Amino acid sequence: MASVCSDPAGVHGESQDMNSLLSPGMRLMGHFGFARKFQVLFLLFMLPLAGSAWVITKEYSNKLDVISGEQSGVRQLLALDDLNIELAAQRDHAARWKAADILREPTPAAKAAMANVDAGIPRIIKALEGVDAALKRENAPADTMTRFKALQAAVTGLDTASLRTVGWWPDGYERFTTVLNLVQALREQIAMDSGLILDPWLETYMLMQLSTQQVPDLIERIGRLSSVGQTSVASGQFSLQSRLQMRDLRGRIDDSKDQMQKAASLLLSKLPEQLQPWADNYAAVKQVLETELKVIDDGVFGGSIKLKPEEFEKSIDTLTGSTAGLRRQSLDALNGRLDYYHETSNMEFIPMAVIFCVLVIMAIYLFACLQSSIRNSASGITTLAESLRDGNLCVEVAVQGRDELAAISRALNVAVVQLRNSLLGVNQETVRVGDAVLTLNAQSSGTLTEVEDQQQQISQIAAAATELAATSQGVARSCEQASESARHTRRIAEQSSQDSQRTTDSIQQLNERLTETAA
């Protein structure tokens, strides 16, 4: 029993705690109208919805910015690739010239190599201008521009006039190596600044690695092999130093090739269908590498140098051309995949944005309809309440819907009609009562007339009785008493007539008021 009795107290305490907790909000909401409360509720609903929309839009915008930044980096790398090709070719031409230029009078091969070196300078300058224009067009950051200016300053002294004054090893070789190292540093800086190094998709990340790391490294080592080995091949023999250098460079080529194949194998394991042309080209380049490196191994790294300079140069050109083409195609494939992800992001976001906007518009429209419905219902209820307050029972409001407010409006309409009908019924009954009072008044007047006639008769009898008083004293007294009774009856009749008249007047006044109220 104690526990049962304690429960209501606990519930009451919880109710008080809840009321104390809700009372500030209840007082605040009490300052707003019924429809205004729904507006506040709608606002509180829309604020987190708008916040979510902003977050989604911001995330989408950031994703597009990342893709756009990566595509900007690819465009810069494509421009830099042209410069890289020209500089690598210039190094090969210079190495061939220096290898052939061993006589006082240049041989035809040396003259051809010199012509190729001088012809490469305008192409290098044009490629430099292309890189400069691409970096400025893409608004490259300061670090990238600093590295480009360093590269721009280093690309000097690569013509025959400048190279004639220095030997190929190590001065001429180091001059080209320094420039190409700056190209690779600029390539890595572009990849880092544009966000390519943080690419979130596997295939694009591996394409970035191949086009900025593995393939350029392989090309550079093939170029170094060509630059160092050209003199030995031209002379038909190795020095001890050149043999060690060539074997070291050949081993480094295998290392770079293995790194490239590992990255390519990972890419091929997750290769999208759209990158099948790249896979076909990679397979062809891989076959070229195997074939041409075997030619170089057999002709250079056997017991003696068997390759002629032209054959060695052809193998080197085939290797550098195929790998440079793979690097270029990797950049193009990377750009294509970034376009694909850009379009995919749009295709994912646009339908979602359209659906979201449609839902928001529908919510706003339904809220406007709700507001209008609430206002109309509340206005009808207010009108009926004010008409009841003013005593106007002729008001009836139109009701739409089936909600609680509409039910209240219908009930008030019915109540007003019933009250009006009741008052009309009272009015009719009042009229009947008035008619009855008039009839009673007429009857009272007739009774009064009869009483007066009777009094006259009694007076005559009394007079006769007086004359006969002498005859009968008892008859006289009886007549006198009868006369007194008649007077008393007359007074009663007059008083009744006056009461009836007052009742009639009161009923007529009540009838007039009811008639005014019903009207």
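Placed from the backbone N, Cα and C atoms, the Cβ positions cover glycine too.
Record features, source TrEMBL:
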type: COMPBIAS; residues: 495-509; note: compositional bias 'Low complexity'
type: DOMAIN; residues: 372-424; note: domain 'HAMP'
type: REGION; residues: 479-519; note: region 'Disordered'
type: TRANSMEM; residues: 38-56; note: transmembrane segment
type: TRANSMEM; residues: 349-368; note: transmembrane segment
Practice task
For the transmembrane segment (349-368), could you work out the same-chain residues 6 or more beyond its ends whose Cβ comes under 8 Å from its Cβ atoms?
Solution key: 38, 42, 49, 53, 56-57, 60
Handout entry: Long-range environment of the compositional bias 'Low complexity' (495-509) - Cβ separation under 8 angstroms, sequence gap at least 6
Key = 430, 433-434, 437-438, 440-441, 444-445, 448
Handout entry: Number of helical, extended and coil residues in the region 'Disordered' (479-519), per DSSP
Key = 40 helix, 0 strand, 1 coil
